[in-house]
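J.: Here it is, the structure in full.
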2 protein chains.
Amino acid sequence: MEKVKIAILGFGNVGTGVWKILKENKKEIMKRSNYEIEVAKILVKDINKKRDIAISKEILTDNIDDIINDESIKIVVELIGGRGEAKQYMIRAMKAKKHIVTANKLVIANWSDELFKIAEEEKVLFYYEASVAGGIPIIREINESLTANRIQQIIGIINGTTNYILSKMTNDGIGFEEALKEAQEKGYAEADPTSDVDGYDAVYKLAIMASLSFGTKINHDAIYREGIRSISSLDIEYAKKFGYTIKLLAIAKEENSKLELRVHPTLIPSNHPMANVNDVFNAIMIKGNAVGELMLYGRGAGDLPTGSAVVGDIISILRNNVKPADISEVSEESNFKEIKKPEENEAEFYIRLNVKDRAGVLGDTAKIFGENNVSIISMTQDVSREDDVPLAFITHKSTEKNIRNSLEKIKSLENVNRVESIIRIESFN
Amino acid sequence: MEKVKIAILGFGNVGTGVWKILKENKKEIMKRSNYEIEVAKILVKDINKKRDIAISKEILTDNIDDIINDESIKIVVELIGGRGEAKQYMIRAMKAKKHIVTANKLVIANWSDELFKIAEEEKVLFYYEASVAGGIPIIREINESLTANRIQQIIGIINGTTNYILSKMTNDGIGFEEALKEAQEKGYAEADPTSDVDGYDAVYKLAIMASLSFGTKINHDAIYREGIRSISSLDIEYAKKFGYTIKLLAIAKEENSKLELRVHPTLIPSNHPMANVNDVFNAIMIKGNAVGELMLYGRGAGDLPTGSAVVGDIISILRNNVKPADISEVSEESNFKEIKKPEENEAEFYIRLNVKDRAGVLGDTAKIFGENNVSIISMTQDVSREDDVPLAFITHKSTEKNIRNSLEKIKSLENVNRVESIIRIESFN
């Protein structure tokens, strides 16, 4: 059997996962790829660092040139992450005629067009399945399985950290800060959790999926973003009363060539399969005009799940598989699609006010909603304290503009203390 | 753009779905396949039959030779179903150097090795994504996305008819006969529902998935099979009390090169994502040694979802994609795997007895379970009637043999009227 040499850039969590899989499943991988894969070089920062994995020091290098200049290396697996070096190394490797596999969402979301163009010119393959949702093969799904469809919607739980936090808050009744601390102790959240908790991570992944699905390059800055810091235990409890569960969703919809792109906490019906996606699991629901609703559920991070996607890509290159769809290619076709402004978006809403328990407060509030074309489906009120009463509503579909206008006026009512929460609802229609 | 001619055999539900998709999504399909697809011929039984779809009569033929002998036709899409003609037509088409796309689970489950061998010899491609679970791209998942994994388990809800019936029984509290009647009225169940209700349909699909996943040809006759006719409203109610939902599962597991293969009604935890798979939806959970648990959820039947898989396969052929894995190929490698006998299988069990409400009946029953190494997790009893009392148990993991031995003795206890139900539990561990 022919041998093929590969190099891995970065030997952290995912890098060691890839190493383990190549070793543990060697027999299966040989059978499926028709090659014996040899990891010839691994780029690390510190060659002498103590590692859990027994690995010959000759394989390790701290000099990228050792890899770029080695003509026997055919595939470079980029697992450094981040923006700077990773991108430059991939470009240099492609110019040295090496195929690329990467798990780097930042680089793909920012410079996919530039990178794919170079791959095209250099006639090398560029795979990036692991850049979105770890072990879930969503890129292949969009690029190869759903080719018969016009994709209409993507709705995903694509950040494991926030899903863990919201699951804990929902199932154990604890608050955001406590749940975040737990996530940090378990290694699911960083010391600075901004990227996950404030929705940036989900925004990058949504930009990649939406670009592929709608055939137009989407700038991640154009995606509306709201994190989960302001979600309170009370919201979770009230959502449950109304029959909903709160999840951080990444949503992309196309209607009449207009796109709706947003990442925010969302109430979803508790009997929908996505409501049972708990802990660090991810799930992505795609709606195509032929296939209808299709959902993928699995582990969105971790050494072995993400490694599964990376090694799958290596095998695809060796099997000389189809070239993955090229974001830059589609964006050149002048099929520009307008992105709707947030205030044009329509959704059902969950709204929680804090009011004084006085006769007329519900009537006054309802009147203002009505005047702004917002109609109410249900209402719940907890009258345990007289001057500090939660009053929550579920509305019919309304524009965000009408909701904001209503609340502007409701806020100034004498018996309304505050608007505490405004959370969108997704009913998967 | 180059044109390619294809022929469709059979113009029923799926055939018209394929026609609609090729028309409706023409622009997208051209872009993705780089071909303009022309349906040159459609094989039908009766050319003069009145159809809902406007279609030129010149395209229709009732003579397969018109298709086999037409050298300009490059791909044949087999949607006749059944065993006899379908298989022969596919063989003849391959011998005339035409690629094949089929949705025929019966033919694949029975003669895949023969058909794949001919495809190999004739150097044509043979695709069959639509043969399992309609619009859910499970074949591609196993063949291409999960190549880095050793697959350990497949657990699926892969029959829409039975899932509809069980969902109705669970959500509306109606009995099996009434739910079946509703399914028949909606066109979800045949007049003779045997194939679905007794588990045969699921057995064929499981044989195909397990053959691919475990790299060994699995004879569908070797799969243990139990249908849903005996599930009563009382079982569904009791399952709910214990925190479970009843689903018809198709289960394939490999442990130490031994296979467990079975289709039967199963209690699954109500907070598992599969418990919310309702109505005619399908879902398949795969466990791989790298990716962990991965679930696909979607529509397992219907004109457009199944058509989505068929047209996806046509596009894959046109993009000159990787050859799908070949069941015959793997089976030749003498990697025979032993299939466990049902009595060796281990599971947790739900057991419902009908007893007389006498002191001691619980003690006597529990004693016999204990003597046979069956330990009980929980118990519930409904003492509304004195001599006709349901008594239900959930057991720890036990062999089927120990369960059967216990019940043989319990049955003969003076105060036990009958053993009403024995249903396995799947906890997804």
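Placement of Cβ uses the backbone N, Cα and C atoms for every residue, glycine included.
Annotations per TrEMBL:
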ACT_SITE  A:Lys205  active site, proton donor
BINDING   A:Leu9, A:Gly10, A:Phe11, A:Gly12, A:Asn13, A:Val14, A:Gly15, A:Thr16  NADP(+) binding site
BINDING   A:Lys105  NADPH binding site
BINDING   A:Glu190  L-homoserine binding site
DOMAIN    A:350-424  domain 'ACT'
J.: Let me know the model's mean pLDDT on the domain 'ACT' (A:350-424).
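T.: Here the predicted model's pLDDT, averaged over the domain 'ACT' (A:350-424), is 93.
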J.: Excluding A:Leu9, A:Gly10, A:Phe11, A:Gly12, A:Asn13, A:Val14, A:Gly15, A:Thr16, which residues of the same chain place their Cβ within 8 Å of the centroid of the Cβ atoms of the recorded NADP(+) site?
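T.: What remains near the Cβ centre is A:Ile8, A:Gly17, A:Val18, A:Leu79, A:Ile80.
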J.: Need the DSSP three-state call for A:Phe11 (NADP(+) binding site) to compare against my parser.
T.: coil
J.: CB neighbours of A:Gly15 (NADP(+) binding site) within 10 A?
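T.: A:Gly15 (NADP(+) binding site): 25 neighbouring Cβ atoms within 10 Å.
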J.: Expressed to the nearest Å, what is the distance separating A:Leu9 (NADP(+) binding site) and the residue listed as 'L-homoserine binding site' at their Cα atoms?
T.: 22
J.: Counting only other Cβ atoms and using a 10 Å cut-off, which of the binding-site residues A:Gly10, A:Gly12 scores lowest?
T.: A:Gly12
J.: Using CB atoms and a 10 A radius, I'd like the single residue among the binding-site residues A:Leu9, A:Phe11, A:Asn13, A:Lys105, A:Glu190 with the highest neighbour count.
T.: A:Leu9
J.: Using DSSP with the three-state reduction, classify the residue listed as 'L-homoserine binding site' as helix, strand or coil.
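T.: In three-state terms, the residue listed as 'L-homoserine binding site' counts as coil.
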J.: If you draw a 10 Å sphere around the Cβ of A:Val14 (NADP(+) binding site), how many other Cβ atoms fall inside it, taking every protein chain shown into account?
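T.: So the number of other Cβ atoms within 10 Å of A:Val14 (NADP(+) binding site) is 25.
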J.: Which of these recorded positions has the least crowded Cβ, counting other Cβ atoms within 10 Å: A:Thr16, A:Lys205?
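T.: Sparsest of the recorded positions A:Thr16, A:Lys205 by Cβ contacts within 10 Å: A:Thr16.
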J.: Out of A:Lys105, A:Glu190, A:Lys205, the recorded positions in the record, which is closest to A:Gly10 (NADP(+) binding site) when you go by Cα distance?
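T.: So, spelling it out, the nearest of the recorded positions is A:Lys105.
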J.: Measuring CA to CA, name the entry from the recorded positions A:Phe11, A:Gly15, A:Glu190, A:Lys205 that ends up nearest A:Lys105 (NADPH binding site).
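T.: It is A:Lys205, whose Cα lies nearest.
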J.: What does the structure give for the C-alpha distance between A:Phe11 (NADP(+) binding site) and the residue listed as 'active site, proton donor'? Integer Å is fine.
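T.: Given the Cα positions, A:Phe11 (NADP(+) binding site) is 23 Å from the residue listed as 'active site, proton donor'.
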J.: For a three-state summary based on DSSP, what are the helix, strand and coil counts in the domain 'ACT' (A:350-424)?
T.: 23 helix, 30 strand, 22 coil
J.: If we check Cα distances from A:Glu190 (L-homoserine binding site), which of the recorded positions A:Asn13, A:Val14, A:Lys205 wins as closest?
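T.: So, spelling it out, the nearest of the recorded positions is A:Asn13.
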